[in-house]
Amino acid sequence: KEKEDEKKEEDEDSSCQSEPPAKRVKSEQLGEDGESQEDAGATEKELTGRKRARGQNKSRPCMKPNHYEQSRLCPSVMQGCAEKCYFGPRCRFLHDIGEYMAAKPADLGRRCVLFETFGKCVYGITCRFAQAHLGDGYQNIINMEVAKQWEGKLLVRNNLSKELQHQLRKRKFSFKKADEYLRGLAKPHGDGGKGGKATGRSTEEQEVPNCTTPQKELGDDPECPVLQEQGEDPKPDALQSPSPAAGEEASSVKTVGPVTDEDIIKLRSCEKKVLDIQGKLYLAPLTTCGNLPFRRICKRFGADVTCGEMAVCTNLLQGQSSEWALLKRHHSEDIFGVQLEGAFPDTMTKCAELLNQTIEVDFVDINVGCPIDLVYKKGGGCALMTRSNKFEQIVRGMNSVLDVPLTVKIRTGVQEKINVAHKIIPKIREWGASMVTLHGRSREQRYTRGADWDYIAECAKIASPMPLFGNGDILSYEDANRAMQTGVSGIMIARQVPVGALIKPWLFTEIKEQRHWDISSSERFDILKDFTNYGLEHWGSDTQGVEKTRKFLLEWLSFLCRYIPVGLLEHLPQKINERPPYYMGRDYLETLMASQNADDWIKISELLLGPVPTNFTFLPKHKANSYR
């Protein structure tokens, strides 16, 4: 019956995607997508006329400039090997440097951050700051003294190799552990053939015994040997030197000397790498704005733990470059994790095994707190809190294939006044998760009203001895101190809307130094300069990289404008849900940064990245972020 219900849901989802928009809205109003009639009525009411702007701007204009697509230089010319063009006679890019330079937009400045930092700009003549490193005949100058300092150093890890992408696209990657776990779910057993949660539990208990099992039983069990030396490091070699190759290829290599049994016997939970972040400041995964340059800013201000943006497991399994870019890790991120979103145990377990073999992370987080409809209606995010069977299979499956700790991020519940987190947390602990993060709001609340820290305190007691991090409404060190007094293991400084870290990334410094920082407009502008430089390093200093940096800068500015300088406040501290009235700053730059008009954000971006392209427009991702 459960399988028939799931199949019915999938059929309804697929039919909903194929229907025209008018019909789809009508079906949602009728409650055919599985939601209650009350939810459908609320949706209808919001569609007919909203009193206030909220949610996402789903019909945003395309911000990708077209002028650089028309006359782009061939990559082979950029790399100085024009005679070996990758595309051959069918190449549609320019090979004439003179023609390219005639059409190239003017440079944006005399300083190239890539050339100054690394001694070489890999973008050569396509760089928008090329005059800093171009010599006679458009030759790219290299500062050998600086370049030698960076030789052999890997600044950004977790890149998607072409070989791995090819394996994923051709479905040649080996998911040995995941397939074994999924076969266990599919096997019928004693209670009448239901695969369900009992199968997942029995598989886990048989193959990965609990650490509290008596020593005698452990010694008798050939599948769970005891460590011979008490101080022996149980961490597998795969974590120390991850290889992009498939697990099947790695296990087939013949070795000389002692052979470990790590590829045959699963690690017990006590043998896994411990996630020791008690009392540390955790920067939450921030969709759109939590990119690598922003995380570098937060690390500089004192963030202890960082996590990549939410990545969809199905897109990762397909080898999509844009999704794999969310997993990239800067060398300054010493404690780093990735967050996955998915609705089914097969894709989530396979994705966990894929990441376990191919990237370097300290933990993997499951997003069970995402409230947006696109994720919720497919059974992911908050919907997993109501699908306990699938939720259990996902947690147990991912935990069985990972060599690093598994964490889970949840909300108080789906409906506003019906909290269910206290019932789910003990189960999550039993399933094998190492930590839970609880956002003190329900899905219906989204990011409105205040977070329920009294309820978070109750859940922290229930979760013990498993660590529980609290999340919600942290915008000052007083807020952080009150949160820590509730008994949580730590606090997550989090997400949109409202957001602590995006409004004031120096919040980490304030918490650690226990003070209010009356930061000046020039200091805040320097932070934006650093973000711009980090963005040019990460996305590139050519036109495409400059415009991508500008896009993410503008998205961030749509949150930064909410900050009210400490020196202007009538009472301290600023509350996270307070929207500032229009006010004049202490100087012109402070007034400009406080503007909630998107045109003023564009002016700030032009101070850092030069003039915007012709007919450039910007609309923030969230409607509530601008009064344009």
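Start at 1 and count along the chain as shown; that gives each residue its number.
Even glycines carry a Cβ here, placed using N, Cα and C.
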Between the ranges 68-98, 130-160, 285-315, TrEMBL assigns zinc finger to 68-98
Across the zinc finger (68-98), DSSP yields 15 helix, 2 strand, 14 coil
Restricted to the zinc finger (68-98), the mean pLDDT of the model is 80
